[in-house]
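Presented below is the structure to which this report refers.
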Amino acid sequence: MINTFSFTFLLFMLFGLSSGGRVKQLLGYSQHSVTTFGSVRDNIGLCKLRVEIYGYNCEEHTVTTQDGYILSLQRIPQGRSGQTTGDRPPVLLQHGVLMDGMTWLINAPDESLAYILADNGFDVWIANARGTRYSRGHTSLSPNDGAYWDWTWDQLVADELPAIFQYVHDQTGQKLHYVGHSLGTLIAFASFSRQMLLDKLRSAALLSPIAYLGHVSSLLCRIAAEDHMAEAMQGLGYPEFDPKGRGVAILLKTLCKKPNVNCYDLMAAFTGPNCCLNSSTVELFLQNEPQSTSTKNVIHLSQMLRGNTISMFDYGSDDENMKHYGQSTPPAYNMKGIPTDLPLYLAYGGQDALSDPNDVQVLLHDLTNHEGDDRVVQYREDYAHADYVMGVNAKQVVYDPMMAFFKLH
């Protein structure tokens, strides 16, 4: 099934679901079903689309950041039973790049983290990053404006996470547990390293942690970064990195012509060979993901991969960096600056091509002063990048230990 999915995913990425009937036939969807789902997806919030159908109460919230982005949040305040007795600690779920809040809802309720947390006594909040389908609003800009896409994960650290943390804290009156996946871990590490969010945080769980990228084994990602392909996209006038758009299609066609690049197993080529996805997961993923980010954000990640650094965006010249930062080089995020008494749960996999085990080891070396119950590290040899959010056995092997960790803090 994964091989079939990978070929389908390649078609999806190269041509986009909206590019005509031939691709829709190849994907196995009728013209009617694709059109109907697209209109529902765009006009109905995630609560109605995915949560309420399973019998959970769900609330739609919006948060406006200091830099004007209007973000969508979903709240599942209690489990399916509806019982609200006792304190329900809030948990914020932050997805990775090219994904959105559906990340945490993509499997059945007994396999998806958002539902599992709600059924186990937590007040669940689901974030959707700027530029994704439910968070494309702005106080003065449109996604059609190039300026709308003038950001990287630096701005998620500076403006987005603080706004979301403040809102959830104000709504609940409690400190938060945090769960990040992929880029959701990077922005957390960067924030914690600068002593941000700590007054509103109980603990953090980091799944497929991203900090250092020097050992990324995804050949597609390495070639794209080393050949400065995102920079080329930006130069061609594509400020939005839309995986279903023409610019990314051009990039992928170029990548797939490279020697040793296997585009018939594209999912594994990006994330590593995931062990534990099933057909229903694949079906729902194809209907919902991937999502947009900014091309500038992809450039920033490419800089990290090329330089094996965790720094702010490099504007490419001493003068431009001086203008933005008051120094000729981008300021670094120091992982050793993360407070040693901050409870951290880290889970990583031996097959992950993005959160490579060698890079995670470098990160763990920076966190060596975190000891005892304040640092739990879990390693799964068979897990790759997507297994941590879509694996059918993730509840037993990842989420149950994580919830036990939360209950200690």
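For all residues, glycine too, the Cβ spot is worked out from N, Cα and C.
Pulled from TrEMBL:
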type     : residues : note
ACT_SITE : SER182   : active site, nucleophile
ACT_SITE : ASP352   : active site, charge relay system
ACT_SITE : HIS385   : active site, charge relay system
DOMAIN   : 52-107   : domain 'Partial AB-hydrolase lipase'
SIGNAL   : 1-20     : signal peptide
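For the active-site residues listed here (SER182, HIS385), the lowest count of other CB atoms within 10 A around the CB belongs to SER182. Taking the Cα atom of each, SER182 (active site, nucleophile) and ASP352 (active site, charge relay system) are about 11 angstrom apart. Counted within 10 Å of its Cβ, the other Cβ atoms near ASP352 (active site, charge relay system) come to 29, all protein chains included. Residue counts for the domain 'Partial AB-hydrolase lipase' (52-107) by DSSP state, with H, G and I taken as helix and E and B as strand, are 8 helix, 19 strand, 29 coil. Per-residue confidence over the domain 'Partial AB-hydrolase lipase' (52-107) averages out at a pLDDT of 94. In three-state terms derived from DSSP, ASP352 (active site, charge relay system) belongs to neither a helical nor a strand segment and is classed as coil. Here the Cα atom of ASP352 (active site, charge relay system) is found 5 Å from that of HIS385 (active site, charge relay system).
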